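For reference, the structure is listed below as structure tokens.
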Amino acid sequence: MKLLFAATFLYSFHPVLPLCRPNVCALQQVVGTKKKYFSTCRNWYQGAICGKKATVLYECCPGYMKLDGMRGCPAVAPIDNVFGTVGLVKATTTQDYSALSKLREEIEGAGSYTFFAPSNDAWDLLDPEVRTALVSNVNIELYNALHYHMVNKRLLTKDLKNGMTATSMYNDLSLLINHYSNGVVTVNCARIIHGNQVATNGVVHVTDRVITAVGNTIQDVIEVDDDLSTLSTVATASGLIEKLGQPGHFTLFAPTNDAFDKLDREVLDRLMEDKNSLQALLNYHLLNSVQCSEAIMAGTSYETQEGSNIEIGCDGDSLTVNGIKMVLKKDIVTTNGVIHLIDQVLMPDSAKQVMELVGQSQGTFSDMLTELGLSAAMRPQAEYTLLAPLNTAFNDEVMSMDQSFLKIILENHILKNKIVLSQLYNGQRLETLAGKFLRVFVYRTAVCIENACLIRGNRFLVLVLTVSFPFCRIFLSLMEAAGLNDLLKQEGDFTLFAPTDEAFAGLSERDLSLLKSESFHTCDFQGTPLLELLFSCVLFRINEIKDERRRQQDVTSMLVNTVKVPDSDLMATNGVIHFVRTLLYPEGEGYEIMPLLLQWPFFFHFQIKSMFKNCVLF
């Protein structure tokens, strides 16, 4: 019976029902490359790695073999010493160098070793000058280099824990181990591509690159690298340079000098004068975990030391940050982490001035603040909050306003203090740059400031100083005739459903005269003037309208008692006004109250108790 060792075979692959057979392991290979990622049959395959299509190869798991005529890999493979196993896993260059450097005798003899053996391709990726120097001095340099790839005890991949350090057999220098949640295991950021090849005197793990010795901290690297001199200056000025020299597990995305040169000089000068902003800037480039490039298979969000998140991903062989290819050099391994050089400076919101936070969708707002001199009026050391309308809010009507009036409006979109969304609460009053106060309303699904909601708001905040409604003249004249003007002026939080002149279109001049007549005003119900009782149906305290059944609102309109509200959210200092084109009546027992009032006022005087219920909105 013929034995086939480490046979690899390609099957048609279904992502939901992968082919699982005895002792068969799966490898994903990026199409068009030699890059392979070990997995198992139980894993869910995404079909792509770093945005590139991946095929799935199936091969015998470590230590098993295929038998002719049998499914899977049912046979246990023969076992050899470490030197022989390095050859069995086709790391022949490493095997040859082990023989040249006199390491063979050691790894064929007694002991228990872990050998991280570079693949043949890994040696080809090594800088030619470095490789030549190693081979020219096989008894010292090459021997020491190979010893750095060894640990004097057996460590399977399950023993290689994330963040641990293993002591190498070269001068007891450390090897930095990372075991990621996606199954990738790295040693000094070299990925294990073929692991757990058990030998009689240890275990062999094949790596995708030659592992180089590490002796410097992140601080050491940026202080001596001429291309990182600006970053070194920033780190020193921020007071965080020593943090980069402390023990830890960091990832630093290090902007080069050219990256800092791309910043406006004014921005860099401002940052250098503000230690807090410098700290935020540096911490935004720093992760409290080691993220080697070979462990990144798709975009993943990570929290920075500044507190905000960045997305680290990949596109082919390129590492990306926030979806942008900006990494110039990957995986500079240090004793306390890894450095990736980038060609852009990452700017967190916490290091920006408030005007720099305005995005393209609020570009018109930003332009108007500059044009009207409001951006220059904001002091550099002070803190502000911008309530920035979207570009669509600046319609023709707004843009045709008198500039002095528009400036007042925009001043009321600038708060004097820094206020974040999580600090807002219902009833809060926020002072604006114009010295006015805006009210905060917290609803079940939104947080609003006056008539604009922060979640989906694209409207202006308008602080109403005087109110005159020419299209509500009849309503206002009736209020005046009834002596109720003070009702609209009293302090409080009211919601007014104001009928327009159109709402009174069905009433004749005689009807309107009757409503304004002295006899009608003196008619009362249980001590409440009749007209005031009627108007109570359109004026409510905001805190009395909490039942969601009473006020129905969708994306396009609001309804009150099934009456559509065409114009809404006109803010006043003591409430909000919604205009209706239909009169709202008190609820009666099958009667329309207004016609009865107009036609039978004396009938009303005697029968009102049986007709009226409370004025309620549904």
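Positions of Cβ are set from backbone N, Cα and C atoms, glycine also.
What TrEMBL says about a protein is an automatic prediction, not a curated fact.
Lifted from TrEMBL, the feature list:
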DOMAIN    21-75  domain 'EMI'
DOMAIN    78-211  domain 'FAS1'
DOMAIN    215-346  domain 'FAS1'
DOMAIN    352-468  domain 'FAS1'
DOMAIN    459-584  domain 'FAS1'
SIGNAL    1-18  signal peptide
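Here the domain 'FAS1' (215-346) is broken down by DSSP into helix, strand and coil counts: 50 helix, 40 strand, 42 coil.
When pLDDT values are averaged over the domain 'FAS1' (352-468), the model yields 78. Taken residue by residue, the domain 'EMI' (21-75) breaks down under DSSP into 0 helix, 27 strand, 28 coil.
Secondary structure counts, DSSP: the domain 'FAS1' (78-211) has 50 helix, 37 strand, 47 coil.
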